[in-house]
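Asker: Handing you this structure, nothing more for now.
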Amino acid sequence: MNGNELLRYGLDIIAFIQQMRSPVADTIFRGGTLLGQEVFYLLALPILLWCGDLRLGVRLSFVVMVSHYINISLKDILAQPRPFAFRPELQLFPVDGYSLPSNHAQTGLVFWLGLAKLAPQRYLWPLGIVIAGLIGFSRIYLGVHFPSDVLAGWVLGLVLLIGSGLAEPLLVNWLGRLKTWQQALLALMGPALLFWLHPGKDSAAIVAALSGAGIGLIIARRCAGAGAGVPQGEWAKLSGRMVVGFTGLLLIWAGLKVVFPQEEHACFLLFRYIRYWLAGLWLTLGAPWLFNLLGLAPAGIDRIKPKKNILDITKSIR
């Protein structure tokens, strides 16, 4: 079976699935696809970092951002049109860009199965599998991805999860041999190199956030996140962290978007990079520092000794 035949079969499968359309199904699968949108990760990852387990949040955020970068790079290389480019009547959801592999399927699997892998709660495994499946199937139902796009995304997501688990101890050991200034240089230059290899507005957002978050972790001298559980009487602090944290993130992410040059401007990518870099810095340094200042940090945080470098936060993940 060649590529054209595979796409034709994919179009037939989408058309067959859409025969089951109903208002209820539309609502379910539109909701499912929203779980793979950028806004979802802008909500979920900060919650993990600020109100959950910092180490888990750092590890999962890193893998999610790497997954997203790899996906958009492959999409631009393969440049496969979406199903509605061949049959416009199949499109049930607004989307642009290329089709293969499905970023929703890939990064959705990385996030939900990665969360199940890293968190202690066993119920997250069946929940993660169901949600990852829902996200992927929703893209087929809505006519924005071929079934082969979704399968490719799932396979890549599994490869990334397995690969990150194998590479993590080696990476942590290597970072541990670097001095703080070397870690900072790596956090600045590594993402910049990735952007140079694949420039674009999406890659600018990903690598800039990765760089800013890395610098924030290096500067931070103490772990500013709460534990995985919610201590009794901490709900007020958790709510306060959510309000303060997301207010700051909104001011940076949305506020600076209004102030900075728009897409038609020659300096758009530079200012987009700066905006997302500041958002990453806010996630790991600005917001936790403000939590401490306002007394919103979890109980006992002030008794934590200053950390020497980023490895003091991540060394126990091995």
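Backbone N, Cα and C atoms are what each Cβ position is placed from, and that goes for glycine too.
Annotated transmembrane segment per TrEMBL: 39-58, 123-142, 154-174, 204-221, 242-260, 280-301, in sequence order. Taken from TrEMBL, the feature domain 'Phosphatidic acid phosphatase type 2/haloperoxidase' covers 58-165.
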Asker: Any contact between the transmembrane segment (280-301) and the transmembrane segment (123-142), i.e. 3 or more CB pairs below 8 Å with pairs at least 6 residues apart?
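Answerer: These two segments do not touch.
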Asker: State the non-local partners of the transmembrane segment (242-260) in its own chain: residues 6+ outside its ends, Cβ under 8 Å from one of its Cβ atoms.
Answerer: 42-43, 46-47, 50-51, 268, 271-272, 274-276, 278-279, 282-283, 286-287, 290-291, 294, 296
Asker: Restricting to the domain 'Phosphatidic acid phosphatase type 2/haloperoxidase' (58-165), report the mean pLDDT as a whole number.
Answerer: 93
Asker: Summarise the domain 'Phosphatidic acid phosphatase type 2/haloperoxidase' (58-165) as counts of helix, strand and coil residues per DSSP.
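Answerer: Helix, strand and coil residues of the domain 'Phosphatidic acid phosphatase type 2/haloperoxidase' (58-165) number 80 helix, 0 strand, 28 coil.
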